[in-house]
Every structure is written in C-alpha cells, then in structure tokens.
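Trainee: The structure is given below, and queries will be raised subsequently.
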C-alpha cells in the first residue's frame, strides 16, 4: 500500500490553467437551445473563461456574402447570427477565443471542404477581400462590445493547417501568407488586440519553429503560440458509427511531454516568452470514439488537469458538449462524442472529473502521478485521486494511505466517487440496452448517475488525519476535509434517544 505524508505547507500554487478555455462544436450550433443548456450547466458547475470553436466565417453563420451591384460582385457583411452567438456567450460569463476560419464559399479559391457541414479549407481567392473581412469583423466586435472587452479576447488564425484535410495541400508558405495578412488586419484595427497561431496538431512541430522565425524575419505580429494535443493512435477498427483507437502506453505523460516540447521550442525561438495555448486536447481526435464516454477518459484527463498548467498558459478541452456535427448529426445518445455533457444534458464521467478539480484550492501541498492535495483559503483540504487502468479485467484496485496535517481537531470528511459504477451515465445507458433515441423516461433516469457520496466525522490525532483509500478501476475521487463547527449544544433538550430506533 502506498503511504503519502502530505506536507503541512505548500511551496507553490496550483495553476488552474485548464479553466482558461473550453472547446465547442462549430459556432452556428450556438443557435440551438440544447447547446446553450449544456453551456449553462458547464458554466454553473465548472466556469470556463473562454470558448473556442470552428466556423466563425463559414456560411451557416452568414457573415460573408457577395451581392451584385452595378454588375460588380461586392462584399456584404451580416452580423445577425454572430451577434446572437456572442451575446449568448457573454450572458453565460464566457468570452470568445476567436478562430478565424473556415473560408466563406464566395471568397474561396477552391471547393475542398471538411466535415459534414462542409467547412471550406482553401485559401482566399482575393487576399484583399479577406483582409477587409477580418477588419470588418473585428471592427464590428469593438463597436458592439467595446474596445476594453475585445482587448481581452484572443484571435487565432485558422485550424490545423499542417493537415491536408484542414488546409489545401497543408501548404506551409500559403498559411504563413494567410497568417500575415490576418494578423496585420487585426492589428490595423487596434494594436493591442491579441493574435496568434499556427494552431497545428501534433506530429509537425517544425511548423512552430518555422512559424516563429517567419514572424521574426517579416516582423509579423504574434502574441501567442497555439497547438493541439491528442494521444490516440491510428484506429485499429472503423465502423459506420465508431472509431476504436488504442491510447499510447503512458498517455498522460505523453501529452504532458507534448506540452513541454512545444514550450521548449518557443524558448529557443526569437520570441522566447510568448504564451502557449493548447487550443484543443483530448484522448482521441475522433468525435465517434467511445472512450470519451467512459470513466477511463475521466481518469486519464485527471492526470493532465493536475499538471498541465505547469507547462502551458492554457489547455482547452475539446469539447464541452456532444451537440457537435463534424461526422454528421449524432446517431445515438452516447456515440463517442468529445463532449463533457452528452445529449439531453447528461453529464459524463469526465464532466465530474472537471467539477472535482474545480473544488481544489490554490495552495499545492502534494502532487504525484496519481493524486493532488491542496489547501483552500479557508484552511480546508481538497484532494483528487485517480486510478487509471489501461488493461482489461475486473479488480485492479489501488490502495493509498494519506497522512494529512490539519489545524483543527473535529473534522468533517466528504468523499465523492466516479468510477465504472458511479457517476457513469454511459454504464446506465448500456444497462438499458443502448437505446439509440431513448424515451423520455430513460432521459429522466440517466442524469441520476451522479457521483457516489460518502461522509464521516472524525477527530484529528496529533494534528493529522489518517485516511485509507481504496480506488477502484478508473476511479476519480474527490476528498474534502473541513473543520466541524459543532452547534449541537445550542439545541435545548436535544436527545436522539427519544426517537424510535435511535440512541443518544
């Protein structure tokens, strides 16, 4: 059994950079009620600061159109939908992390598209019109929301241009041209606005180096570096509805190494102090991988949440909701979607893991690859432990003994558990027979799959509490230790022994 003696004082702060941003399906989905219901739930229970998604300039949001005037095609900018979308975000206390993409059809140089909703991934046929579009969009944001507000936003140029699926021919020099035109357009509106890139996925980190040298050589504005991080391998099985992918042997450490690698590249660049934003991360890059619905995903992500903030300025979970349509409209309630929240506002195990980390304090007392222990400002202790199990089979438990110093004698302990049994709506759905389009009754039942709660009162011995904890397979558990402020003596004539079946 592992024994951990938690120090009485922390020497550093727990960096909650995972709260900075969260991902979303294309922005046009924010016009749907269920999308906003999910975002409201996420903001109430977790509270992210920014939200990032594709499709700002795609045709369904409707910003860019061309109309014929006196025989000439001229741009027309329509902000009806984007105003509604951003208004909804701000009302839920979350700001946009703007991604400029994809290409409006009327401005596209080709017809190559990506996703069910056909985001165009070709360069603009007229860079002057593209520049004018960026200026118009940014200027409109400032006019509507005010310069001080928009200066807090971040503007990212495109999405994964190192992949041929997302940028025609994955042409690096063409992307650099797009970035330069876009960044200069943003800064022409206001030099204090924040713009960055190159928003690549893993496997092409030479893009980071080349991008920063390009910006230095041409004096192109760059305020941050962005990259994506996933750790699943190529699928070993594909079906009409699912991708099955193995994770790396030590996936959490692999992802953290990706964070460190990019940070090192930035330090070696002409801009060594630029912020690094991981604008997408998850276990799998596929929106139809069942791992996203599981307790394993929660245990995996717990490790990343515990340490990722030491290496990057933000890391944005992809995504908050299963209202998402890259691979068509979801074909079942649980379909392997990226979201923290499944359809019908049903929290997944990973959602609960995020709420557990949201309960942690700022003072970091202890951390290793399986737990994190913190102290809150009020002196209470909050810890998250996890047992990531990659192998198949039952059992596979882990025992831990924590020796935790406390400054009070009477102690209230609350433990919340998410694992293969508790807080696992995917398990309940499978027990129902995996209903593709569940009945209203089933939809009412599934949200009841909440974390298991255990409580007890103890007295500290010599200023410490000893906790023996057994973690089941893929469990994530939150332990909160607070001082008991006993008011029992204020109840005149109190005697539980007078209640049938109870003793004093």
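Along the chain as shown, the residues are counted starting at 1.
Keep in mind that glycine also has a Cβ here, set from the backbone N, Cα and C atoms.
As listed in Swiss-Prot for this protein:
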ACT_SITE  160  active site, proton donor
ACT_SITE  280  active site, nucleophile
Trainee: Which of the three DSSP states, helix, strand or coil, fits residue 280 (active site, nucleophile)?
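Mentor: Looking at the DSSP assignment, residue 280 (active site, nucleophile) belongs to a strand.
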Trainee: Can you tell me how far the Cα of the residue listed as 'active site, proton donor' sits from the Cα of the residue listed as 'active site, nucleophile', in Å?
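Mentor: The separation of the Cα atoms works out to 10 Å.
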Trainee: So how many other Cβ atoms are close to residue 160 (active site, proton donor), meaning within 10 Å of its Cβ?
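Mentor: Within a 10 Å radius of the Cβ of residue 160 (active site, proton donor) lie 24 other Cβ atoms.
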